[in-house]
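**Q** Here Swiss-Prot flags E53, D71 as active site. For C24-C146, C48-C134, C83-C99, C95-C113, the entry in Swiss-Prot reads disulfide bond. Positions annotated as domain 'C-type lysozyme' by Swiss-Prot, on the basis of sequence analysis: 19-148. What Swiss-Prot records for 1-18 is signal peptide.
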Amino acid sequence: MKAVIILGLVLLSVTVQGKIFERCELARTLKRLGLDGYRGISLANWVCLAKWESDYNTQATNYNPGDQSTDYGIFQINSHYWCNNGKTPGAVNACHISCNALLQDNIADAVTCAKRVVRDPQGIRAWVAWRNHCHNRDVSQYVQGCGV
């Protein structure tokens, strides 16, 4: 009985952690989901963005006390503008999606919403982490050796 309880706790902790992608696994997944070259943005830039926003973690969240919004998922998509968490005052929900959908191991919804974000005038510049860590830098290392 004790072993069953311990196993249950281990499985619960794995479930809560979510998926943390390996760099090349993420590159292949993003390519398959159509981000390579989307709106002129290279695959390496998308992988760089995910590295610095979430460290490739689908379950990453970050609360922003200033506007009471939260950033969700592998791309840290914000609840004030892009998704609905039912808590953020004045939320727009431009992606027409629940923020919880952005925390799934299957990142198809997160990719669809990221595509919506970059269609706005700011494009990929909407992400501070991209501006601080990827913009005007050699980002080829993020896809090097991945065969993509």
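We count from 1, first residue shown onward.
Glycine too: its Cβ is placed from the backbone N, Cα and C atoms.
Predicted, not measured: the structure shown is a model, and the values here were computed from it.
On this model, are these features tucked inside or out on the surface, and what's nearby?
**A** Secondary structure at E53 (active site), as computed by DSSP, is helix.
Its own atom aside, the Cβ of D71 (active site) has 23 Cβ atoms within 10 angstroms in the protein chains shown.
For C24 (disulfide bond), the same-chain residues 6+ apart in sequence whose C-beta sits under 8 angstroms from its C-beta are V143, G145, C146, G147, V148. The secondary structure of C24 (disulfide bond), as reduced to three states from DSSP, is helical.
Here C48 (disulfide bond) comes close to W130, H133, C134, R137, V139, Y142: these same-chain residues lie at least six apart in sequence, with C-beta atoms under 8 angstroms from its C-beta.
Long-range neighbours of C83 (disulfide bond) (same chain, six or more residues apart, CB within less than 8 Å of its CB): Y72, I77, A91, N93, C95, I97, S98, C99, A101, L102, C113.
Using DSSP to sort the residues of the domain 'C-type lysozyme' (19-148) gives these counts of helix, strand and coil: 55 helix, 14 strand, 61 coil.
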**Q** If I take the alpha carbons of E53 (active site) and D71 (active site), what is the distance between them in whole Å?
**A** 9
**Q** Would you mind checking how many other C-beta atoms are within 10 angstroms of the C-beta on C134 (disulfide bond)?
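**A** If we count other Cβ atoms within 10 Å of C134 (disulfide bond), we arrive at 22.
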